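According to Swiss-Prot, the record shows the following:
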type	residues	note
TOPO_DOM	1-117	topological domain 'Cytoplasmic'
REGION	1-93	region 'Disordered'
COMPBIAS	1-19	compositional bias 'Basic and acidic residues'
COMPBIAS	44-61	compositional bias 'Polar residues'
COMPBIAS	63-72	compositional bias 'Basic and acidic residues'
TRANSMEM	118-138	transmembrane segment
TOPO_DOM	139-143	topological domain 'Extracellular'
TRANSMEM	144-164	transmembrane segment
TOPO_DOM	165-188	topological domain 'Cytoplasmic'
TRANSMEM	189-209	transmembrane segment
TRANSMEM	213-234	transmembrane segment
TOPO_DOM	235-242	topological domain 'Cytoplasmic'
TRANSMEM	243-262	transmembrane segment
TOPO_DOM	263-299	topological domain 'Extracellular'
TRANSMEM	300-320	transmembrane segment
TOPO_DOM	321-344	topological domain 'Cytoplasmic'
INTRAMEM	345-363	intramembrane segment
TOPO_DOM	364-376	topological domain 'Cytoplasmic'
TRANSMEM	377-399	transmembrane segment
TRANSMEM	402-423	transmembrane segment
TOPO_DOM	424-458	topological domain 'Cytoplasmic'
TRANSMEM	459-484	transmembrane segment
TOPO_DOM	485-522	topological domain 'Extracellular'
INTRAMEM	523-542	intramembrane segment
TOPO_DOM	543-581	topological domain 'Extracellular'
TRANSMEM	582-592	transmembrane segment
TOPO_DOM	593-605	topological domain 'Cytoplasmic'
TRANSMEM	606-628	transmembrane segment
TOPO_DOM	629-703	topological domain 'Extracellular'
Amino acid sequence: MSRADPGKNSEPSESKMSLELRPTAPSDLGRSNEAFQDEDLERQNTPGNSTVRNRVVQSGEQGHAKQDDRQITIEQEPLGNKEDPEDDSEDEHQKGFLERKYDTICEFCRKHRVVLRSTIWAVLLTGFLALVIAACAINFHRALPLFVITLVTIFFVIWDHLMAKYEQRIDDFLSPGRRLLDRHWFWLKWVVWSSLILAIILWLSLDTAKLGQQNLVSFGGLIMYLILLFLFSKHPTRVYWRPVFWGIGLQFLLGLLILRTRPGFVAFDWMGRQVQTFLGYTDTGARFVFGEKYTDHFFAFKILPIVVFFSTVMSMLYYLGLMQWIIRKVGWLMLVTMGSSPIESVVAAGNIFIGQTESPLLVQPYLPHVTKSELHTIMTAGFATIAGSVLGAYISFGVSSTHLLTASVMSAPAALAVAKLFWPETEKPKITLKSAMKMENGDSRNLLEAASQGASSSIPLVANIAANLIAFLALLSFVNSALSWFGSMFNYPELSFELICSYIFMPFSFMMGVDWQDSFMVAKLIGYKTFFNEFVAYDHLSKLINLRKAAGPKFVNGVQQYMSIRSETIATYALCGFANFGSLGIVIGGLTSIAPSRKRDIASGAMRALIAGTIACFMTACIAGILSDTPVDINCHHVLENGRVLSNTTEVVSCCQNLFNSTVAKGPNDVVPGGNFSLYALKSCCNLLKPPTLNCNWIPNKL
């Protein structure tokens, strides 16, 4: 480093960067070696014998150097020692023929890379479309799923291209209609809402006449939950009703499409079966690792590997950008319809596919700046939905995959509706649409690394599931033993945790539309889910489903063994969420680690979010109860005990079959009908059906 001449004194001022080239004097080191000796520069100042010193200085006024200026000196090789440019050209000419051709090809590809890339994609797309057409020509019914997926993909690709290129033009084209709608929306919205309400009332009246009154009970339960949310709202006078009504409306439309229309039901049923088939491939890895008898330890070696496999697939889809694309589309739909903020929409859409601790990572940079209502909505969305990684585990329990998939989709708008009613927005959101919709593709460098990271990241989840089940089931056994011991002091040893929950949650389960005799059983399942976790609840539900499928007696020693199909369906929707006290700690810890500055707000709103998430699941179950076309259980006592001659109708046959299955016959004159039926009803069924499983001659003639 060299400094300016101290004799030159100039005042400090802002200076410009300058590059000064000047010859340097030869050093003693150069004179000691004859090969590097130079003539004195004053006597011979030729470019070939001089060195160039580049010095970058900060120049002052009139180019004078300052005392405190810093100068950087870079010594370069003498010009005379540089290789002649002719040598470079000679090396260039010495390249081989193949190397020159390779360089030519690379240069051509660089110049025409856009055209080449477009050509390759066009060839691949043409080949794929040719395969789709050929598959449809061979067997259209078999190729229908591929055809539909192809059409949907092409539609969204074209849509994204048009929106990216002509979004402003489309917006300008539609702006006159939007302005016209805004001018008349004040009175038009009342016409729209009144028409919708009248249509719902008319539809419910006709549907109730067709399927029974239980569907009407589900509608009453939906209204009851909305009233409760409004009464206990954080700011009941500040409720913005658009997201509430639109959330329930989207729930209803999705449920109507899936549960009542044949194309929708067939599509989701097909998706459910494909998911089950896809999850079945987990058995190959489990069999290789744990051996042929891996099913002997069903949960550890059959269920938990599904979580690993599903986590791997989700990580790969996230690397490819497909998950982010789907989340953006679903979030955009909820944003434009419900009027929710971009942050809320993205997180609610993300919770359909990923867990309650992963979805906030989609908007991690914005969490310190969200409002309290938005933070409450983020937590509510996590409690009201389940993760895709555990969805496969619930399906493997034997729970309907169609209903689980439907519940996962319907719960997203329900969470937004409940959250905005239970904690209305009183501040102005700071995050815009474009900033919230930006999502990263992860830190994986290739697809295999993404798969490996997905499998590795599932290890804590699998360990957490296994550890929690061991702890909670052991705790449940202890609590039941303690309650039984306490109840025995009052001559009631039947006291248990399930019994207490059945009375606490029975009104809620009944108002969802569950049959009265099944409401206590569903209430027990809700208790398992709320105080332990949904794994315990779905495990008990799967046992009830298996007992029904086994067609055993519905009552054994006066104890009901299983539920109706309608009650199972409603219970599936009510349990489909992470709303439990175990998840409460997970959410508080996870969000606090992401946004430490919001720790106080997270802790204060978590309990309300847990309640809101639970009610969101209940409202989804109410929608399922309204739209479910599964016939409710027949009042068999009214059918069989009315004293009339029985006719061979579907209702009578069903009631008689249930009566035969629940009857205990030990011998002549020793027959006990099940379900509190009389011997008269049993005799009437015997005269009608002549069952092979029961000796009707054992029934006493004198009744």
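Every residue, even glycine, has its Cβ placed from backbone N, Cα and C.
Structural setting of the listed features?
Sorting the topological domain 'Extracellular' (139-143) by DSSP state (H, G, I as helix; E, B as strand; all else coil) yields 4 helix, 0 strand, 1 coil.
Across the topological domain 'Cytoplasmic' (165-188), the DSSP tally of helix, strand and coil residues reads 24 helix, 0 strand, 0 coil.
Taking Cβ pairs closer than 8 Å, the transmembrane segment (189-209) reaches residues 215-216, 219, 245, 249, 626 in its own chain, all 6 or more past its ends.
Confidence for the topological domain 'Cytoplasmic' (235-242), expressed as mean pLDDT, is 91.
Outside the transmembrane segment (243-262) by six or more residues, the chain places 193, 196, 222, 226, 268, 334, 337-340, 402, 406, 409-410, 413-418, 420-421, 619-620, 623-624, 626-629 with a CB less than 8 A from a CB of the stretch.
Beyond its flanks by at least six residues, the topological domain 'Extracellular' (263-299) meets 145, 256-257, 305-306, 308-310, 391-392, 395-396, 400-402, 404-406, 469 of its own chain at Cβ-Cβ distances under 8 Å.
Sequence-distant contacts of the transmembrane segment (300-320), counting only residues of its own chain at least 6 positions beyond either end whose CB sits under 8 Å from a CB of the stretch, comprise 279, 281-283, 285-286, 289-290, 294, 353-354, 388-393, 396-397, 441-442, 444, 447, 450-451, 453-455, 457-459, 461-462, 465-466.
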Hey, which of 213-234, 459-484, 582-592, 606-628 has the most Cβ-Cβ pairs under 8 Å against the transmembrane segment (377-399)?
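Against the transmembrane segment (377-399), the leading stretch is 606-628.
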Under DSSP, the topological domain 'Extracellular' (485-522) has how many residues in helix, strand and coil?
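The counts are 25 helix, 0 strand, 13 coil.
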List, by number or range, the same-chain residues at least 6 past the topological domain 'Extracellular' (485-522) whose CB is under 8 A from its CB atoms?
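Same-chain contacts beyond the flanks: 214-215, 217-218, 220-221, 224-225, 476, 479, 528, 530-531, 544, 560, 563-564, 566-567, 570-571, 574, 618, 621-622, 625-626, 628, 632-633.
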Do the transmembrane segment (582-592) and the transmembrane segment (606-628) come together with 3 or more C-beta pairs under 8 Å, pairs six or more apart in sequence?
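Contact criterion met.
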Can you work out which residues elsewhere in the same chain, 6+ from the ends of the topological domain 'Cytoplasmic' (364-376), have a Cβ less than 8 Å from its Cβ atoms?
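Answer is 341, 343-344, 419-420, 422-431, 435-436, 591, 594-595, 597-598, 601-602, 605, 608-609, 612.
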In the same chain, who gets a Cβ under 8 Å from the topological domain 'Cytoplasmic' (235-242) while lying at least 6 residues past its ends?
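Apart from its flanks, the topological domain 'Cytoplasmic' (235-242) reaches 338-339, 420-421, 423-426.
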Using Cβ atoms and a strict cutoff of less than 8 Å, what residues sit near the topological domain 'Cytoplasmic' (593-605) while being 6 or more residues removed from its termini?
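Apart from its flanks, the topological domain 'Cytoplasmic' (593-605) reaches 360-361, 364, 367-368, 370, 372, 375-376, 379, 423, 587.
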